[in-house]
Amino acid sequence: MKVMLSGGGTGGHIYPAIAVINEIKRHDPDAEFLYVGAKNGLEQDIVKRENIPFESLHITGFKRKLSFENVKTITRFLRGVSKSKKLIKRFKPDVIIGTGGYVCGPVVYAGAKLGVPTIIHEQNSIPGLTNKFLSRYVDRVAVSFKAAEAFFPKHKVILTGNPRASEVLNGDAVKGKKEAGLSSDKKTVLIFGGSRGARPINDAVVGMLQAFANRKYQVLYITGNVHYENVMEKVKQAGSPSNVFIKPFIHNMPDLLAGTDLVVSRAGATTIAELTALGVPSILIPSPYVTNNHQEKNAEALAKNGASIIIKENDLNGQKLLKEIDSILENEQNWKKMHEASISQGMPDAAARVRKLMNELANK
Ligand SMILES: CC(=O)N[C@H]1[C@@H](OP(=O)(O)OP(=O)(O)OC[C@H]2O[C@@H](n3ccc(=O)[nH]c3=O)[C@H](O)[C@@H]2O)O[C@H](CO)[C@@H](O)[C@@H]1O
């Protein structure tokens, strides 16, 4: 089978596509792939690391208010469609899947116009602009939350879950902790702000690191690549205890998550799919800067059944965060309840469901 994939900008759109590739490879080692990403997205680095053939488009998103930038965006979209058509004619995919982000707009649109079977995968409970636009042209829309079904044509939509959920299932906890320099026998809280890091979370965390000094658990704090230097400057001044480890980015999340007892993070949909697949309890700080406040909706679904505690960004400070982390990691019963609530929301077979859908379309 030949599969073309597109999705990008941030990890939340890229890792589900890579999970689809890995699931197909497990069943069909001869399958061929072509990934089309944005020139400046995280996918340049992440996809190339996986040795997946990669092509890029120069693409930007629409600004909400009227501006000349939007004219440029339309021009780039049209150029993107034209380049995508060339790539499709050369690669001849049996099926094309888009996993969100601006870049999959022209790729999936071009595929649909050329009559190639097309699918979009929506990670969030409220869809993004690109997927809403594409839903008119594609053959199928795979969603991760039941709540998202209502936004798409009824005859196209199917609940699959997020394929990345399946990918984190068989992580090696010992390896993950070792690679990150962590102690193998201590409970671990992982703090990060989505795939790019989040300044408000960094601001709250940097000032409180000393408070972790007398805790029995250890802390792995991921700053996000672009924030790392700045954070380390501040850490140099404020100091950091020996049970706190700081990294810019972790490439091997599946192994790390296998050894993680609690996650503090934004409420990105792919992160949530990972946490619920494994039953990791979480403290979620939804980003208020995303379309239709979708992260808050993502987080509410988990908080409602007790899998997560939500802290609104406005209420976030070091003291509060420490109190909530302690209330979970220092209270076994609390942790267990959250773990069970979390795992009850997981869809660990999502990758198989997406693969089945792709096979059906490709063989039509
Ligand atoms: C600001 C923004 O637009 N955020 C969106 C983006 O978030 P973002 O890209 O942050 O997405 P998620 O939190 O859903 O996923 C992050 C992914 O990156 C991985 N990871 C993270 C840190 C790290 O060091 N290493 C690593 O591999 C995580 O394990 C996860 O697989 O896409 C999500 C999925 O559509 C949306 O729900 C978010 O609202």
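For all residues, glycine too, the Cβ spot is worked out from N, Cα and C.
Per TrEMBL, the features are as follows:
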BINDING   Thr10, Gly11, Gly12, Asn124, Ser195, Ile250, Gln295  UDP-N-acetyl-alpha-D-glucosamine binding site
DOMAIN    3-142  domain 'Glycosyltransferase family 28 N-terminal'
DOMAIN    188-353  domain 'Glycosyl transferase family 28 C-terminal'
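On the structure: features taken from TrEMBL.
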residue	record	CB count, 10 Å
Thr10	UDP-N-acetyl-alpha-D-glucosamine binding site	18
Gly11	UDP-N-acetyl-alpha-D-glucosamine binding site	22
Gly12	UDP-N-acetyl-alpha-D-glucosamine binding site	27
Asn124	UDP-N-acetyl-alpha-D-glucosamine binding site	28
Ser195	UDP-N-acetyl-alpha-D-glucosamine binding site	23
Ile250	UDP-N-acetyl-alpha-D-glucosamine binding site	16
Gln295	UDP-N-acetyl-alpha-D-glucosamine binding site	28
Summarise the domain 'Glycosyltransferase family 28 N-terminal' (3-142) as counts of helix, strand and coil residues per DSSP. 64 helix, 27 strand, 49 coil
Simplified to three states, DSSP reports Gln295 (UDP-N-acetyl-alpha-D-glucosamine binding site) as helix
UDP-N-acetyl-alpha-D-glucosamine site span - longest C-alpha distance across Thr10, Gly11, Gly12, Asn124, Ser195, Ile250, Gln295, in Å: 23
